[in-house]
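Colleague: This is the structure I want to talk about, given as structure tokens.
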Amino acid sequence: MILHLSALQLMIIISNAAITKSKGHWYCPPSASCTSSCTNSSYVDCHGKNVSCKAYSCTPQSPGYSCMVGSYNCSNDCSYEASPELCSCNADTCSCLSDMMHTQDSMQGKIAENIVNFVDQIANMTGLMSTEAAGNYLKIVDDSQVKISGLVKEEDKSKLVSYGNSYLNAFESLVSALVTPTETHNLLNISLNNTEVRVLAVGPNASEKIIPSVSTEKADMKINIFEIAKSNPSGSANVAFMSYTMMLNLLKPDFFNTPNNTIKTMMSTVISATLPKTTNTKLTKPVNFTFRHIREFNPSGSLSCVYWNISEWIVDGCSVLKTNSSYTVCSCVHLSTFALIMQTSRPPERDPLLELLNLVCVIVGLMFFTLALLTFALCQWSPGVNNVARINICISLLLAHLLFLLTQQFLSLIRPQKELCAVISGLLHFLFLSGFVWMFIEAVLLFICVKNLTQISSKKREVLSSGFLCVIGYVVSLFVVCVSVGLVPDGYGSEHCWIKLDKGFIWSFLGPVCVILALNTILFIKIVITLNSTFKKLNAEVSQMKQTKIMVFKTLAQFVVLGCSWILGFFTNSSKVLEILFLILNSQQGTFIFLIYCVLNNEVRQQYRKFFRCLYSGRKKH
């Protein structure tokens, strides 16, 4: 038994190590003898000679013995020094699995089969094992899951199912071998790299008051073990509870066959519950399992408690009792291997033209944000003009759109780095919120301007100073983000490096945005009504009518500048036209700001003309 254990341990070691070559002599494994010749750089002469040829050969003393390549020490007794290299002896030759693994992908399937064959052999030997040996084998089988996951192709369903069943059988058999009889109760806790095992044994003298709970880090089980024990002649019962973190790589959620074409997502670790060494395994009451979600919960998704039925996940006998954003309670009338699977609707197919339009519009919008900022910074403005809100709208949205664009372009590189992804989503939250707060400030300033055109400059100096506006514009947004982080620390870093949808955390963004959009819409309506009554009082002269038309255009364009067009975002799923309109309008806020406050401003146009004349005359001189 020790011999078989060493062989499988070596099988697992290969998964974590590269091929190591020794520059000196080669060692021969125990229970094997060296060959006496050196042929084709494959053998070594073990008669005291130092031969530099590569030596893999050994003569196994028992058929099927697997050996490791290290280096031979050519002495009378062939000693052995282990190296992280697994080889399989056949007659007087030794073929190394890692060498095959580096040759061609087709050989990886054979390596996977060899590992699973070892796992199957272990499962068949559990009846002869001691508890100590079973514990050792359990660790080895657990470690091998990582290697198997990388060797089997995802589209090879038959292999995934077969290997998954082999591992489930091995785990259940080995855990059963760990069960020892008891008169009272005994709880065995085993935490491996990829698996957690809990074995609760109840004897005839056990007290219900002191029975510990059966739980792991990712799942809990509530079972009436005493009722089961009472139904057994010995008055004893044993329950084994296993939680596998790697099993979902073999037993895929896509093996949950449903008539609707949905996306299946594994929301929990795979767990197994058995009653080892228990005569009567009939359940008197349903068993409840609490699954802690391992992925972000989509509120629009549908959760199903499923169990593994040889080749697929099915729901027979299982139902959802309770669920929220962080965990789900399932009830099942039988014991088996269970999981929690979420179904979500498939998103519409990506439209390349729409994505190209989005990219072009965002880039154009960023260019006009930049031009507007340069104009605000370099042009001379009359003392009565306050551009603080417009400048900060440009800064906030320029940085937000640029960061979002870069994040989506390099999402495959950023997403694996969870901390960076969370920081980016938090920064996007702050920048977009700041943009909306500044839109609200701009709406208030515009309303004051329209309400009392003659006193606007004094009002700004007395009440709405630049420092006061900056405090409102950025501190409010920072406060919202800080409170959000405090309430839901893991709310940032979704699949797209944005705010997560579960736990209602998205309302930390949508809530303030909806309030600001509502207020801006109300202010915009009041501005239009006030302008209409003001224009009626003006003399209908040609020059005044021209200025009136410009003022009307500016006011209507403010609908986009104030962010009111973001309201279209709530209706984009129902109409392709609205989606395109939303995309264009909201990516061009910088364009509208540049048109309204730069191109349509006489003073700015004159300064542009002066600048271009100087530029043209300077080139002409050269």
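Including glycine, each Cβ sits where the backbone N, Cα and C put it.
Given the structure is predicted, the values throughout are model-derived calculations rather than measurements.
Quick paste of what TrEMBL says about this protein:
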type	residues	note
DOMAIN	196-348	domain 'GAIN-B'
DOMAIN	354-601	domain 'G-protein coupled receptors family 2 profile 2'
SIGNAL	1-17	signal peptide
TRANSMEM	356-379	transmembrane segment
TRANSMEM	391-411	transmembrane segment
TRANSMEM	423-450	transmembrane segment
TRANSMEM	462-486	transmembrane segment
TRANSMEM	506-529	transmembrane segment
TRANSMEM	550-568	transmembrane segment
TRANSMEM	580-600	transmembrane segment
Colleague: Name the range, of those listed as 356-379, 423-450, 462-486, 506-529, 580-600, that has the largest tally of Cβ pairs under 8 Å with the transmembrane segment (391-411).
Modeller: 423-450
Colleague: Tell me, roughly as an integer, the mean pLDDT over the domain 'G-protein coupled receptors family 2 profile 2' (354-601).
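Modeller: So the average pLDDT across the domain 'G-protein coupled receptors family 2 profile 2' (354-601) works out to 83.
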Colleague: Sequence-remote contacts (6 or more beyond its ends) of the transmembrane segment (506-529), Cβ cut-off under 8 Å?
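Modeller: Residues packing against the transmembrane segment (506-529) from afar: 429, 432-433, 436-437, 439-440, 443-444, 446-447, 450, 480-481, 483-484, 488, 491, 499-500, 555, 558-559, 562-564, 566-567.
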Colleague: Can you name the far-off residues of the same chain, 6+ from the ends of the transmembrane segment (356-379), with a Cβ under 8 Å from a Cβ of it?
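Modeller: Same-chain residues near the transmembrane segment (356-379) but 6 or more away: 387, 390-391, 394-395, 397-398, 401-402, 405, 580, 583-584, 587-591, 593-594, 597-598, 603-604, 607.
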